[in-house]
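Novice: Got a structure for you, questions after.
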Amino acid sequence: MVLLNKEMIFPCNNINKKIVPGIFSLLQTQNCVKSRYPYRTLCSAVLQPDRASTCSGSVSKPMLEQHQHSGMDPSLYTAPPEVRGMTCLDKEVFTQTVIVPALRVPKEVLNKLVKSLKKVALQRPGIRRVVEVEGSDDDRLLLLDPASVSSPSSFSDAEAEALQSFGIPQELQRYELRLTYDNLKSEEVLRAVLPEGQDVTSGFSRVGHIAHMNLREHQLPYRNLIGQVIMDKNPGVTCVVNKTNTIDSAYRNFKMEVMAGEENMVAKVRENGVTYEFDFSRVYWNPRLSTEHERVVALLKRGDTVLDVFAGVGPFAIPAARRGCTVLANDLNPESHRWLQHNCKLNKVERKVTTFNLDGRAFIQGPLKQQLPGMMKGTASVHVVMNLPALALEFLDAFRGLLDQGLSCDVNLPQVHCYGFSKEDDPQKDVVERASASLGFSLEGLCSVHLVRNVAPNKEMMCVSFTIPKEVLFSRESTQTEAIEEPAPKRHKCEETTN
């Protein structure tokens, strides 16, 4: 849009030949129609803070005066009513002209002033906040956010002082901007489309090129539109999926539907300097556990041994191996086991990791039991990681009487990091009591508990860490039971299998 001299008023059919998008002007609504939707065309006037400018009889006044008399809504965008209830995305309908405040600023002080006003300057996708003024090489317009600035009194003391120090009068002008779908944020689009009064979701988990959402029932009719909006507004996202059930299978994966984009479920992610690849539709991966993975791995020292009972695709096992630990990693899900091996090779730690495809209890009472006595004779620490928060606390009874009483080892007992969910008012007390019950031995005063994350309202994910008491490990009571019926156990060195 070119800023035109106030005498240059153009009829509707000529206006678009004179306007270049991105600069502000006064508004003139015309009876022009594009497709089946009415739209507004713009005519322009000279931007002069100290003089009124007219466009087809309308008058531009200082912003404070007009704000007082027009009841101007300080929000930047209010969607046209046509978009409410839309289920198939029509981007053209979102086009609208909105009012924003602006300051005229000498070019030589602009950069310094922008730094002082960065909290109130307009920030909008695809919109420049500094624009040229027609007919002036010395001045520029700094566009401001109407949600932050509606009158000169809106400036903070520091901002007002900066304006005064640069000799900029606190006189705002009303300028009108043509916004399109591309200039809107995802939550603005979705709030305009979904029924009024209902929850709007624009949050998702990012797994490589996949955006994973958990839509509520009332949002399902709009799922394809929601998926398209999320993909449009987040560069690099080429697939949007919605979880259609809870994680209730033995393999910890869930059914999902593709809402928008390609159906490629093989994701590549990088977490804490480690690269992982996996089929997101067939394994478990939670990007919100990155900090927890890092916290536990930081406890390890070179030469330690890590026994990962529910290893998944390797977010504990592979960083531990890169840190110089020897790792035994197990997962019941054949797909997780396959991608675990793949990721070991991808990160060049296959010689440090031995993988198993067993039920967790079978792993504890099989490979772990066989190798633990030799590990306990050394001086390096032994860590057992049990990250299956829905069930892991129940697997602790597998350690009861696991080793022969003839083996005596008080020095190097294994350290366990076991995860669990809790919906109790005191989740710390809850997980300690449940862990103690499973072990048959009180951990009160013998363990530490870490809050991992809030999973849902009144549901916490906790990690209880403790050294396995010798009274448990060498107990006469044994809870060894038959493992869940599975195909013959598989023991692999990572380098033995190609993917």
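If you go along the chain as it appears here, the first residue is 1 and each next one adds 1.
A Cβ is built for glycine as well, from the same backbone N, Cα and C atoms used for every other residue.
Unlike curated records, TrEMBL annotations are generated automatically.
So TrEMBL says this about it:
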type	residues	note
BINDING	HIS293, ASP331, LEU332, ASP359, GLY360, ASN387	S-adenosyl-L-methionine binding site
COMPBIAS	487-499	compositional bias 'Basic and acidic residues'
DOMAIN	204-470	domain 'SAM-dependent methyltransferase TRM5/TYW2-type'
REGION	478-499	region 'Disordered'
Novice: Give, as a single whole number between 0 and 100, the mean pLDDT over the domain 'SAM-dependent methyltransferase TRM5/TYW2-type' (204-470).
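Specialist: Summing pLDDT over the domain 'SAM-dependent methyltransferase TRM5/TYW2-type' (204-470) and dividing by its length gives 93.
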Novice: Near the Cβ of ASN387 (S-adenosyl-L-methionine binding site), how many other Cβ atoms are there if near means within 10 Å?
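Specialist: Excluding its own Cβ, ASN387 (S-adenosyl-L-methionine binding site) sees 24 Cβ atoms within 10 Å.
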Novice: Would you mind checking how many other C-beta atoms are within 10 angstroms of the C-beta on ASP359 (S-adenosyl-L-methionine binding site)?
Specialist: 21
Novice: Any same-chain residues 6+ apart from GLY360 (S-adenosyl-L-methionine binding site) with CB under 8 Å of its CB? Would you list them in sequence order, or say none?
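Specialist: Those within reach of GLY360 (S-adenosyl-L-methionine binding site), by Cβ under 8 Å and sequence separation of 6 or more, are VAL309, PHE310, ASN330, LEU332, MET386, LEU388, ALA392, PHE395, ALA398.
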Novice: Just checking, which of HIS293, ASP331, LEU332 (binding-site residues) has the fewest C-beta atoms within 10 Å of its C-beta?
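Specialist: The binding-site residues HIS293, ASP331, LEU332 were compared, and HIS293 has the fewest Cβ atoms within 10 Å.
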